[in-house]
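The feature domain 'Protein kinase' is assigned by Swiss-Prot to 11-263, with sequence analysis given as support. Sequence annotations record features per position, and here Swiss-Prot assigns ATP binding site to Ile17, Gly18, Thr19, Gly20, Gly21, Phe22, Ala23, Lys24, Val25, Lys40. What Swiss-Prot records for Asp132 is active site, proton acceptor, and it gives sequence analysis as the kind of evidence. Taken from Swiss-Prot, the feature phosphotyrosine covers Tyr163, and the record attributes it to similarity to another entry. Sequence annotations record features per position, and here Swiss-Prot assigns phosphothreonine to Thr167, Thr486, Thr510, Thr531 (among others). Residues or ranges marked as region 'UBA-like' by Swiss-Prot on the basis of similarity to another entry: 282-321. Taken from Swiss-Prot, the feature region 'Autoinhibitory region' covers 326-643. Swiss-Prot lists Ser343, Ser352, Ser399, Ser423, Ser490, Ser497, Ser521 (among others) with the feature phosphoserine. What Swiss-Prot lists as domain 'KA1' is 594-643, and the listing cites sequence analysis.
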Amino acid sequence: MKDYDELLKYYELYETIGTGGFAKVKLACHVLTGEMVAIKIMDKNALGSDLPRVKTEIDALKSLRHQHICQLYHVLETKNKIFMVLEYCPGGELFDYIISQDRLSEEETRVVFRQILSAVAYVHSQGYAHRDLKPENLLFDENHKLKLIDFGLCAKPKGNKDYHLQTCCGSLAYAAPELIQGKSYLGSEADVWSMGILLYVLMCGFLPFDDDNVMALYKKIMRGKYEVPKWLSPSSILLLQQMLQVDPKKRISMRNLLNHPWVMQDYSCPVEWQSKTPLTHLDEDCVTELSVHHRSSRQTMEDLISSWQYDHLTATYLLLLAKKARGKPARLQLLSFSCGTASTTPKSKNLSLEDMSTSDDNCVAGLIDYELCEDKLLAPKTPQVTKHLAESNHAASKSPAPGVRRAVANKLMDKENVCTPKSSVKNEEQFVFSEPKIPVSKNQYKREIPASPTRFPTPAKARAQCLREAPVRTPGNSAGADTLTTGVISPERRCRSMDVDLNQAHMEDTPKKKGTNVFGSLERGLDKVLTALTRNKKKGSARDGPRKRKLHYNVTTTRLVNPDQLLSEIMAILPKKNVDFVQKGYTLKCQTQSDFGKVTMQFELEVCQLQRPDVVGIRRQRLKGDAWVYKRLVEDILSGCKM
């Protein structure tokens, strides 16, 4: 596929780690720096009328730079695709962390909530409203710090932040009353309500307003009455009351939230919402490395970087900066490499870009070790990258003054967003304090990635020449990433979901349709490619036994010691729950459908051997669909198994 040619010059694609209505997210490795990234891939034709929202998200992320907001690195647009290269957050969703704990303690909630406040206050200070705040849109990085994602529904009102918005959007369970009534509203006030729902979920483990019936849920939200669990402290109850006010004019403001007594408890200062990482000053080490690599002067390189075009040069600079911040040398790779353990396979020419279109998961290459990209190199040297230097020399005479951001050409904005010049934001005086750490295990965890048991070369025609004489190295199946130590999910209360997308023109009932195995054509296409590439036994297949993993917050422990028995138990219960599935070794790729045949949920269940004797577990990962429906469904499946 020609749409992928340019992308594959700079990145090696691996497995799909998330899907949505019109997009999928793949794990990838940036070739020059060896850093892991997440690439959001969107089809323009499928987006249709939602294309302006993608432009809005890109514009927002280009102008937002904050320690608790997922960083945009690179935007690539072709005739049919839009690629957004984003910061990879291996820690997983806040939602998964909450349900693994049942609920968080008030102290831990405060640490998490202050980070959410910091991100949202900064977003508001830049004139934006997020409008889709929920646990699924908050990810943990490798340091267990939160990052806000998904700005597809954000709005930058015409005029100023006091301009009233009209669009009803977001998720019903988190939406403010004035928004679902169809009234005009202030984005900042609606976000405060959503943060109130978030705060409740953090401390309680379930939604304050929840019902299977949409109209019943609507009435509950409008009444503003919710259960107050006995374990909530008086100060937390008061804060929830102030945030979950049905009348937005009586709702607490963001300014007062930042120094609220509950938020300030155990802290000596209000929440520090200003950006700690502004792009007003370029890092000398990173600029020098890029200058040497592209054989250009420092001044030329500084001018090119400072134009912030969010092309490959911007991505390389920001990834070098991230690498340096993690204590790694700000150096670019000079050798041909692939991110993973060594594996000799047939030449990569056997896998063409045309093969890429046969499956969503055709780039699956196994469980990724976050550090392997920069450590595992092959001997043969690759030709120097000269294309960008040529472009840079041509652009040097035209490049804007340092610090000026280029506006996106042909912007498509909705009625609530306006094209405004972007400028660097000066930091105000920052509060200095040391945040207490969230109680996690000694080893920081990394996000579990759905893995394919077969390793195969990356389908990159653009890089075929420099890899022609070298064996291809792709990610192998690791034993799993360092993880949090938590137990079995046993929620205080079973949560139903009414996390309804308010942008949908129709509502659907709970999935009831029974079907046969799905993903057939996709899987068959992928299997043909894999069979052509390797004749040996697939590692990770049923004959090899389950993969070994460390205990993670999305792994449920069992009392069974026989993995085959557990796998049989799960496969027997899935049809009873109206779940279609495809088996690949000890991994079950599952999905549910509506009565109209629409896929409503996709997730994986993998039987794994935990890294201690005679203990078998189940790894769970949601790929698509409502988080609370997923939670309830997986609980029903696991409770039906004899574990």
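The count begins at 1 with the first shown residue.
Just so it is clear, glycine is given a Cβ too, placed from its N, Cα and C backbone atoms.
Known features from Swiss-Prot, placed on the structure.
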| residue | record | Cβ neighbours (10 Å) |
| --- | --- | --- |
| Ile17 | ATP binding site | 22 |
| Thr19 | ATP binding site | 18 |
| Ala23 | ATP binding site | 18 |
| Val25 | ATP binding site | 20 |
| Asp132 | active site, proton acceptor | 23 |
| Tyr163 | phosphotyrosine | 16 |
| Thr167 | phosphothreonine | 18 |
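Remark: secondary structure over the region 'UBA-like' (282-321) totals 30 helix, 0 strand, 10 coil, with classes taken from DSSP.
Here the CA atom of the residue listed as 'phosphotyrosine' lies 37 Å from the CA atom of Ile17 (ATP binding site). When the Cα atoms are compared, Thr167 (phosphothreonine) and the residue listed as 'active site, proton acceptor' turn out to be 12 Å apart. A separation of roughly 31 Å, to the nearest angstrom, links the Cα atoms of Ala23 (ATP binding site) and Tyr163 (phosphotyrosine). Asp132 (active site, proton acceptor) and the residue listed as 'phosphotyrosine' are 18 Å apart (CA-CA, integer value). A Cα-Cα distance of 17 Å separates Thr19 (ATP binding site) from Asp132 (active site, proton acceptor).
Look at the domain 'KA1' (594-643): DSSP puts its residues at 14 helix, 21 strand, 15 coil.
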